[in-house]
Structures are given as structure tokens and as C-alpha cells.
Amino acid sequence: MATLELDSITKTFQDGDEEIVAVDDVSMSIDDGEFLVVVGPSGCGKSTTLRMVAGLETITAGTLSIDDRVVNDVKSQDRDIAMVFQSYALYPHMSVRQNMSFGLEESTDLPDEEINRLVSETGEMLGISNLLDRRPSDLSGGQQQRVALGRAIVRDPEVFLMDEPLSNLDAKLRAEMRTELQRLQNDLGVTTVYVTHDQTEAMTMGDRIAILDGGELQQIASPLKCYHEPANQFVASFLGEPSMNFFDVTLDGNRLVGDVFDYPVADEVRANLGQTTDLVLGIRPEAIELVERKSDAHEFEMTVDVVEPMGDENTVYLHFDPDADPDVAETLVATIDGFTRVSEGDSVVARIPEDAIHVFDRLTGEALHNRSMEDAADQVDLV
Amino acid sequence: MSDTKPRTDGGATTTARLRRTLDRMTVEDAGLYVVLLFAALFYIVPIESGLVTSFKTGTAIIETAPFAPPGPSGFTFEKWQTAIDALLRGMGNSLLYAVPATVISAIVGSITAYGLTIPTWKKSYKAVVLMLIIAGIFIPYQAVLVPLTQFWSQWAQLDQVLSFVWALGVSNDYAGIVELVITHVAYGIPICTLLFRTYYKTMSEEMIESARLDGATLRRVYRRIVLPLSGPMFAVVLIYQFTQIWNDLLFTLVLVSTESSPAAPVVLILAGLGTSLEGQDFALRMAGAFFAALPTLAVYIFFGEEFAEGVAA
């Protein structure tokens, strides 16, 4: 168990004469026993970051330390880390038992009986005791995934690294393994860095999540904080499904003026915006409420364009102007209760509550005003 | 009655099935079968002719067509007997250099390919080393004959280096066998390296990385992961190299030279077998050729399954 510290880590690749920056000045520190999820779209540099921690890629600049020991130039095999790969990377010519013993045989001086005991114990913990004498090719995807995990766990490393370990599983198994992985990590208490592009995994598994885009760290915080208090527009749009609604607006006095609507803001919100006038208004679909009658400037008369029933909830696509061409008109996506009956073409009144709005600087994307997490929590309590 | 009835039924269905197959056959299908038949004959007839000829007496060769089997009166094992007697010592000598040369070039090729594929070192250096090795494939045998003899006769005089072996009573002609081993290894390394490299390129990178993270050094990764997984490619390389070295006449002519030498390989003896002033003894030549080819056939049969796997990969 150990702490892991990335200090201004940068990675550049040479592509002909061009220099490609894959990871740009990323700093983060991971506590002992913490479960950190690194998430971002493909090509954001998350895997490269993980591979640098593993020692599979060289670090162009910055320092990497495990337990205050700088390991930039320490070889992979001497870093005492275990990694689970997306492809599982099992050794096809070895039995499950040999696969799991391999690391202990190579990295420790333990006697054979001790190695055997550890492998059997780990096999039991993961429920794969009956598979120990089989070859990887005789196992299902889920079983192979367990063996890959077992191979990492049995070594009892300082740090676990996982590179999209669940993405080759089907949806049901993935959900099961998600829970099981969390439980295992909790029990073992090993510092873990987990890379994924799946925002459900990011939201549900980690103590904290680090969101990367274009090689730069966008935000590192608890999942709920990232969700409710995003550092910028990218984080806001990346987390949440359906994703946050964004409208380009201009600040005019105490009003946010958009193409098709005006949104008055209170002084407390106004104070956060400072001198910036080119803004983006953001609102999460689930924060939008459908009300009976328009009674307030935060409510808008709208037309239902499309309804997607999900069972427990409906996703509805709303237009401000009933006559507008649906392909180009500004759309507001709202998530409402599954029992509320709305259908295409209906006229409805949508309320955009002021305590739930986010305001971003249109130029930099930086968040100027966020809903506060306390407010969000209060609302949940009320429901 | 009851016995014949099902048989007629069976006959009827077979005829019906045959008729249906014929009905469905297009001109293209028929053409394809004709071509395949000719291709099969093209390959089989020379082998068949050779085989039947090797069992014929001198008169049977003159009286029967080359591909026709000998009659009971024209059949003899005598030529095989003679061929085996003449070639057996050559077989031993050939194995003496073909086996070590094959095994060593395969192992060296595998290790070289591993070094050029798996470890991370500068791509530009890798490319240069690889280029130098691959260039070796394209140097024709004829081009090196003179430098090769010069090298062995003037630069590396094995005859003297190995004098302690000749003191044990081994003919010093066997220096030629050692020279053949080294020459064939040197000539085989490029192609072996290329074959293994192509194979290692397809190995899962994550698996190798996983082994490194598991604490294995480069050497251990080769020993425990890469080498055990190289079986199919070893089969390909062993078959290819063995056949190549076994059949090579040029280097043996240059390095051993006389068929009367105690170290003469089978190809040298075979070249003179059955030729005399009275003319060619076709039966003897055929028997000799088949006998000399047996080891290469055996290699194909032993490694056939792995060979297919390796070629597919």
C-alpha cells in the first residue's frame, strides 16, 4: 500500500517532425488505499498516463513517485505494481494456476508451497478455485477477467493499475463485476488507479475521479462534486446521461439573453459572473420540471418534439418555438417522471430552476457559477 | 430376397444422388475438376514413375513405359540394396551437419528476432540492424563461393585448430563438416530471424508487458513466455532450414569436394551414383534419390501439424 504522486507529468511523442503532446502537465496525488478513476474520451491521454505509472512508457517531463520514492527511472518490474489489461493478457500456454503463480515466482523468493497456498487462497476469494487447472482458452470472458484480477491480487502489490478491465464484458456481467471490484478494493485497501471511458464506472466506483481531455487534467474531485460542481464546460458535458443542456447567452444587466429566450438571474448569481458577458447557460435534464401554468420568468412555454420512454423516466426533447424547424431549433432535453404523460406536439411549460443552473465563460469554458452541492443534496432530501 | 432388396434401394439412391449432383454441375465446375485432375497428374506422375522405375530390372526399364509398374519378372529390390549400401555413410555425414546447423540457426534466429521485436530500444537503431540482417537473405550462394573458400582455407584454418580431434583417430576431412555447420548457420540466420520476427510481431504486446510487470526480466520473458509460444514457428523454420541444408550441393562441393572422402555428405555421393561409362542406371539413380529424400520427408511428417499452424499464423 502506498501513496502515488504525479507531479507535472508530460508525455510527448515524435511523429516525423511533429511533436504530439499526449499528456500535458498532469499533477495529481493519490492517497494510500484510494480508488481513483481516470476518465475521458478516447485519445485524452488516460491510458498513456497509466502506462507511464506502470513504467511501460517513458516520462518526458515531471516526476512520478510511489511512497515519496521517485520512480521515473525505475524499471516496471521493480515498481511493485500490478496491472489488469483490457485484453486480460493471460499467458495462453499456462494453466490458471501457473498464470497466477508467475508473478510471485518472478518477483519473490517465496517457496513453492507458499506460492501455491497464496494462489489457492486468492482463487477462493474470487470464486475460481475450480478453474485453477484449466487453460485460459477454456474459460469464458468473465472467467478470464477474474483470472486477470487474481493474477494482480495474488502479488499483493503497492499499487493496482487497471486499464478498462471491464469493457470486454457484456452489460450484465459488467455491472456485477463493478460492484465486486469495489468490494475487493475496499477489502484489500490497495491504492488503485482505474482507467475507463465509461462514465457509469467513473461515477459509481471511484473515491475520486480525474477527468482528462486533450492530455490535460480538467478536474479531480469526488464523483458528486464533479457532477454538481464541474470545473468547466467539458466536465459538465462529459458527466451525465443525457448530457447537460447548453445555451449561448449574453449578459445584459441581470438578464441572460439567448437567441430564443431571456433568463433573469438573481444578484447572487450575477455577482459570480463578474465582467464576462459572453456566457453559456447550462442546466441538467433532470433539474427541469414541467409545471401547469407559466407563472414566473424562469418558466417557458415549449413544444414537445420527441419523447423517449425509459420506463422509470421519460426523456423529452422540447422546442421553444413550435413553428421552428426541428433540425436547427434550440432543443431543451428534460428528464421527467415515467408516469407523466406527454406526447409529441404537446404544449408544455418547462421550469428551469435558478438554483440548478450553471454558467460558463463561453471563451474559456471555465465554470463561473455552479449549483451548490448542498442545494442539490437538499433537493434529493425533499423528494 | 430380403437380402437383395435393400441393396437395390441403396443402389437406386446412390444413382439418384449422382444424377442430382451431375444435374447441378455447371460448365465451370466441370472445368475446375478437369484442371484439378491435370494438376494432380502433373505432380504425381513423375514421382510415381520414379518410384516404379526404382524397382525395375535393367531389361524391365527398356521394355516397359516409365510410369508402368514392372511385371513380376522385372521386379527387383537389388537397386535399393545397392543405393542404401552406397549412401548410408553419406546419410550419417549429412545428418552430422544438417541437424546442428538447423537447430542452431533456428535458436539464434529466434533470439535475434526477440531482441529486434520485444524490447524497447531506439527504432532507428533497430531498423539499421534489421536491414543488415535481412540483406543477408538476398546474397546469392554463387557470389560467396570464392570468399568462402578463401575464408576457410586462409583465415580460419579449422584443420589446425581441431588437430586434437584428429589425434583421436577421426579423419581430418571432418573439418569440412564443421565448416558446413558454421556456414549454413551464418547463411540461415537472416531468413530465420525474418520468420520469427514476423511471428513475434503478432504476439500480444499486453501479454509481454504483463509479464514485465509481473517482475520478469527480458531474459525470463523469453524463456517462460515467448519461447514456449514459438512452437509452430520453430516447426516452420526447422522444416525449411533442414530441407534447404540437406539438399544443398554447392557448399558441400566447395567445402568437402570429393565423394570418396570419409566425410562426404549424401548429396555428393548421390550426384555420382548410377553414372558410369556404360551409361545411366536409371533404377539405381531413382532408388538413391528416394532414399536420400527420406529424412526431409520424415521432418515434414513429424512437424506437419505445427507447420500448418505456423504457416497460418
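Cβ atoms here come from the backbone N, Cα and C positions, even for glycine.
Listed in TrEMBL:
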| type | residues | note |
| --- | --- | --- |
| DOMAIN | B:91-303 | domain 'ABC transmembrane type-1' |
| TRANSMEM | B:30-47 | transmembrane segment |
| TRANSMEM | B:95-116 | transmembrane segment |
| TRANSMEM | B:128-154 | transmembrane segment |
| TRANSMEM | B:174-200 | transmembrane segment |
| TRANSMEM | B:221-243 | transmembrane segment |
| TRANSMEM | B:249-270 | transmembrane segment |
| TRANSMEM | B:282-303 | transmembrane segment |
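Beyond its flanks by at least six residues, the transmembrane segment (B:249-270) meets 86-87, 89-91, 93-94, 97, 141-142, 145, 148-149, 152, 171, 173-174, 176-177, 179-180, 183-184, 288-289, 292 of its own chain at Cβ-Cβ distances under 8 Å. Contact check: the transmembrane segment (B:221-243) against the transmembrane segment (B:128-154) gives fewer than three Cβ pairs closer than 8 Å, residues 6 or more apart, which falls short of the contact criterion.
Within its own chain, the transmembrane segment (B:128-154) has Cβ neighbours under 8 Å at 112, 116, 179, 183, 187, 189-191, 193-194, 197, 248, 250-251, 254-255, counting only residues six or more beyond its boundaries. Among residues of the same chain six or more beyond the transmembrane segment (B:174-200), those with a C-beta under 8 A of the stretch's C-beta atoms are 93, 96-98, 100-102, 104-106, 108-110, 112-114, 116-118, 130, 133-137, 141, 148, 152, 158-159, 162, 165, 226, 230, 232-233, 236-237, 240-241, 244-245, 248, 251-252, 255-257, 261-263, 265, 310, 313.
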